[in-house]
Amino acid sequence: MTTSDLPAFWTVIPAAGVGSRMRADRPKQYLDLAGRTVIERTLDCFLEHPMLRGLVVCLAEDDPYWPGLDCAASRHVQRAAGGAERAGSVLNGLLRLLELGAQADDWVLVHDAARPNLTRGDLDRLLEELAEDPVGGLLAVPARDTLKRSDRDGRVSETIDRSVVWLAYTPQMFRLGALHRALADALVAGVAITDEASAMEWAGYAPKLVEGRADNLKITTPEDLLRLQRSFPH
């Protein structure tokens with residue numbers, strides 16, 4: 001499938017979190033990664049894609065860092081209010097897309113602000129494999145290590161069959177209308193939503209797993225940032 005044959009898409013980047021585990025003086029999406037902020041590098045892969053229709057970044061109301069970035073002035077990038085949790089931020093982002101003219105059956109990709117190493121190859125693979133899918137899905141990586149389940153005392157209770165276990169990554173790609181309904185209903189029901197796929201699962205769907213690269217890391221600890229520094233030229 002050529003690039004022009006890939007489906008057009010919108011993107012939502014939830015970026016209202018603080019990232020307290022980084023022990024930094026600012027949210028992790030604004031930390032330096034080889035001369036640019038993490039979030040700028042995260043946005044690059046989407047803004048450089050010819051099938052992108054538009055991108056919404058969900059930000060804390062008092063965010064002092066975003067306005068100073070070059071990407072904040074891009075005509076392809078819009079801002080939405082961040083929520084108290086990820087699900088609320090994404091829901092606000094979807095509503096902003098509807099205001100921008102997105103339709104219920106349009107594809108939306110939700111991606112972590114602190115996951116800056118997404119490759120064009122992985123993005124295109126996700127778009128291609130899900131282009132005709134009735135549900136949508138997500139980038140994921142098969143578990144490679146032996147997995148153990150613990151009891152309440154921190155002792156092994158069983159070994160889990162890793163052949164059926166995947167690590168959920170982003171982007172996660174769904175139809176705007178279906179994802180909006182799933183998130184809104186889950187929030188009303190008080191369901192704990194950790195990612196968009198979990199909302200779709202709760203709504204009765206079975207998202208497709210699309211294998212991606214393991215180095216599409218989400219920055220969670222200072223060690224993650226140091227590891228990714230080696231992936232970007234200075």
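Cβ atoms are placed via backbone N, Cα and C, with glycine included.
According to Swiss-Prot, the feature site 'Transition state stabilizer' maps to Arg21, Lys28, an assignment based on sequence analysis. Among the features that Swiss-Prot reports, site 'Positions MEP for the nucleophilic attack' is placed at Arg162, Lys218, with the record citing sequence analysis.
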Checklist entry - Expressed to the nearest Å, what is the distance separating Arg162 (site 'Positions MEP for the nucleophilic attack') and Lys218 (site 'Positions MEP for the nucleophilic attack') at their Cα atoms? => result 21
Item to check | DSSP-derived class (H/G/I helix, E/B strand, else coil) of Lys218 (site 'Positions MEP for the nucleophilic attack') | outcome: coil
Checklist outcome for this item: By the 10 Å Cβ-neighbour count, the most surrounded of the recorded sites Arg21, Lys28, Arg162, Lys218 is Lys28
Item to check | Pairwise CA distance, Lys218 (site 'Positions MEP for the nucleophilic attack') versus Lys28 (site 'Transition state stabilizer'), rounded so that it is a whole Å | outcome: 10
Checklist outcome for this item: Cα of Arg21 (site 'Transition state stabilizer') to Cα of Lys28 (site 'Transition state stabilizer'), in Å and rounded, measures 9
